[in-house]
């Protein structure tokens, strides 16, 4: 009897240990994880899968994958996802469906709900495609010859025609074996370990200086690899900006995580530094920044820090002060800007924008209006060219604040990395 009790106790201990490992594993992508799969959801937010966990977006903690896609565990204990992609072809019945590949099965989700009849064998949905894949990525026409999905398994590359279901097996000689792959902003990325290479989806050719460190471009980390080129990283990172502003001399400051990029107004020279080094009282991660009368107003949570622009920037005595006391509005704030010689700070919180007369005492946030074009924004700035509003990896140019607030249709979309910072890859 004692022996039986001992065996049952050990079995229970093993089960509890497995459960604890399943639910309590602490994953830190900034330590250089090799992701199992990457896919972009219908809102263009990248999902990074590692084991039974999922990272949503370019920063934030991991969560269990089955919290978002419960049936993956119901049908197949989720040790890991082999590959994933989002079908984004308007002429396809599977438009905006997310596909997950586990061993020999494929799962199809629409708006986070498993489609009827799934999971199915991979060979049933994608005939000619092998089991136990390494990676998959969608490739729309004309980026590929036809609307396709590219599948990776070892050295083998398969182009699957979505309409005809024909499979074209190809050889990508210059590419490493991909452990995951995804399409982002019309570019194609092959991840191998914690490195990545950008490739041509038709030929597999890799142009430029690759591989590069994934943590430098697709993750928000406080520290980067020793080989990291800080200026190139900040220019070309796919992580969204936290804040942006320009001073009276035309110098631009762009803040992201623990770092910021400065573009000189006289010669367009770019330099990168840590917020800790240049604005040590802030330490890192600002919510909004605007410039007024040669001072940088830097907002972090419920507090406002004030710096005199210079080399070095000078932190004013008595700061930080509560945002409510300085601007007449409760923090936190999403974005803020002042247009050149004007004396009104425009404060953005969610879908609303407020005016703060900076010459007034006390300052009050008034003239509340609803922004119709965005649910929220990441950053905004204003100069003689107009207002630039940044959302994710893109920005939108408006000729005036009134056009931005009252607009009903989005202007042309521009890439932050390319058109603000001159990054061509």
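If you go along the chain as it appears here, the first residue is 1 and each next one adds 1.
Glycine is no exception: its Cβ is also placed from the backbone N, Cα and C atoms.
If you check TrEMBL, you get these features:
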SIGNAL    1-19  signal peptide
DISULFID  30-221  disulfide bond
REPEAT    78-129  repeat 'Hemopexin'
REPEAT    130-175  repeat 'Hemopexin'
DISULFID  139-144  disulfide bond
REPEAT    176-221  repeat 'Hemopexin'
CARBOHYD  177  N-linked glycosylation site
DISULFID  178-190  disulfide bond
REPEAT    283-330  repeat 'Hemopexin'
DISULFID  339-382  disulfide bond
Taking the Cβ of residue 221 (disulfide bond) as centre, how many other Cβ atoms lie within 10 Å?
21
Residue 382 (disulfide bond) versus residue 221 (disulfide bond) - Cα distance in angstrom:
28
Please count the residues of the repeat 'Hemopexin' (130-175) that DSSP assigns to helix (H, G, I), strand (E, B) and coil.
0 helix, 21 strand, 25 coil
For the residue listed as 'N-linked glycosylation site', find which of the disulfide-bonded residues 30, 139, 339, 382 come within 10 Å, Cα to Cα.
none
Of 139, 339, 382, the disulfide-bonded residues given in the record, which has the fewest other CB atoms within 10 A of its CB?
339
Under 8 Å by Cβ from residue 178 (disulfide bond), same chain, sequence gap 6 or more:
134, 135, 152, 190, 191, 192
Just to verify a number: CA distance, residue 139 (disulfide bond) to residue 382 (disulfide bond), in angstrom, no decimals.
37
Within the predicted model, mean pLDDT of the repeat 'Hemopexin' (78-129):
88
Including all protein chains displayed, how many Cβ atoms other than that of residue 30 (disulfide bond) lie within 10 Å of its Cβ?
14
